[in-house]
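S.K.: Just passing along the structure, written as structure tokens.
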Amino acid sequence: MKKHSARVAPLSSYSSQVLTCPISEGEEGSESRADTPGSEASGEGTSYQTCANTVLKVLGGLLLVLCVSSSWVGTTQLVQLTFKSFSCPFFVSWFSTNWNILLFPLYYGGHVVTTRDKQTPIQKFRECSRLFGEDGMTLKLFLKRTAPFSILWTLTNYLYLLALRKLTATDVSALYCCHKAFVFLLSWIVLKDRFMGVRIVAAIMAITGIVMMAYADGFHGDSIIGVALAVGSASTSALYKVLFKMFLGSASLGEVAHFLSTMGVFNLIFISFIPLILYFTKVEHWGSLSSLPWGYLCGLAGLWLVFNILVNVGVVLTYPILISIGTLLSVPGNAAVDVLKHEVIFSVVRLAATCIICLGFLLLLLPEEWDSVTLRFLAAFADKKSEEHGEELTESSINTRSRSRANGTVSIPMA
């Protein structure tokens, strides 16, 4: 009976008793052989599905990188085309920000199409309003939370547009990439984020690129003003992101769409008086409304809206690092357009400054645990090399012994 009985141990997650199953050895072997292919097939199916999901996510991310880069290049180039016939940067910034109102309706439309759990627009709006607090959005919270972010958003766009009147699109987009270094410095000082030496090096490289860009034309004329405006835009953008993380934390896609639409409403209600003041003071004066280049303005605002949608959707659907790479790729994209269409000739100093800033941007994309991951990879690589070397030594010793036996001699290894 001992030969024809087998103990089956329960799974570790259960506390059931040990069962005694009277199965013959042949039946046990056949059953184990029957179970093995099924488990292997299920494991292979799970791993295949995981690999397929990863591949699709990466391919979608690469497509998103191309779309983000193209939309930002198109926005920057279209701004400069608009300024040839309508040089009113604040009006352009105000008009484009108003289009953010469409973000939440577009998000709700996508929610209705992609989910079975249907909610009314008011229910979804209240659900996404939790970003402002447990009580939702009140007038006090609307003014308290939206006003500072809306001002920073307007300053970022306005300074960026002013810089495009002084510098080429390539220079402005490269200088704007310094916002990543400013985000790290502010997060380290204000949010007490982890100190990383490689990011300090990247921040120093960004500052070096800024100085070289300003030096390209000898620290005078429109160049130094344009560099200052572009760096100011990058600084306000970094401050916006750090404050958003400090006060609002991590937000879902619906909450971000709700927040950006709220900023659009605030811009339409409370900032509309500034374009009027600039118009009557003739700082930004234009003719009749019919004479405005509405095609350029609507195309510019639409591309800017698409860029904001891609950035916020991409962070949720794919890897956030790919969105940053898409923003970085706008620099060579603008350079190609400037060279081919506008016949811009870049000096060696400007090219070196742009390359230094882009390299610093790439260093800032390294994860926090990059050093330990690199050390583990190098250790695993060294272990693999030592194992291969040991196998080669073993094979060579076996071949030596076999040849010695064939010749009638015995080799005695030295101690």
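The chain as shown is numbered from 1 upward.
Cβ atoms here come from the backbone N, Cα and C positions, even for glycine.
The model shown is predicted, which means the values in this text are computed figures rather than measured ones.
Taken from TrEMBL, the feature compositional bias 'Polar residues' applies to 395-415. What TrEMBL lists as domain 'EamA' is 61-214. If you look up TrEMBL, you'll see 25-46, 391-415 marked as region 'Disordered'. If you look up TrEMBL, you'll see 55-74, 86-108, 142-161, 173-191, 197-216, 223-244, 256-280, 292-311, 317-337, 344-366 marked as transmembrane segment.
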S.K.: Counting a contact as 3 or more Cβ pairs under 8 Å, with residues at least 6 apart in sequence, do the transmembrane segment (256-280) and the transmembrane segment (86-108) touch?
M.R.: yes
S.K.: Under a criterion of three or more Cβ pairs within a distance under 8 Å and sequence separation of at least 6, are the transmembrane segment (55-74) and the transmembrane segment (317-337) in contact?
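M.R.: They do touch: at least three Cβ pairs between the two stretches lie under 8 Å.
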S.K.: Using a Cβ cut-off of under 8 Å, list the residues of the same chain at least 6 residues beyond the transmembrane segment (223-244) that approach it.
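M.R.: For the transmembrane segment (223-244), the nonlocal Cβ contacts are 148-149, 152-153, 155-157, 159-160, 162-163, 165-167, 171-172, 175-180, 182-183, 185-187, 190-191, 210, 213-214, 216-217.
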S.K.: Could you tell me whether the transmembrane segment (317-337) and the transmembrane segment (173-191) have 3+ CB pairs under 8 A, leaving out pairs under 6 positions apart?
M.R.: yes
S.K.: So if I exclude everything within five residues of the ends of the transmembrane segment (292-311), which remaining residues of that chain have a CB under 8 angstroms from its CBs? That is, six or more out.
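M.R.: Residues 64, 67-68, 71-72, 74-75, 78-79, 81-82, 85-86, 92, 95-96, 98-100, 102-103, 106, 260, 286, 323, 326.
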S.K.: Given the cut-off of 8 Å on Cβ pairs that are 6 or more apart in sequence, determine whether the transmembrane segment (317-337) and the transmembrane segment (344-366) share at least 3 such pairs.
M.R.: yes
S.K.: What parts of the chain pack near the transmembrane segment (86-108), using Cβ distances under 8 Å and only residues at least 6 beyond its ends?
M.R.: 79, 121, 124-125, 128, 153-154, 157-158, 161-162, 164-165, 253-254, 257-258, 260-261, 263-265, 267-268, 271-272, 274-275, 278, 284-286, 292-293, 296-297, 300-302, 304-305, 308-309
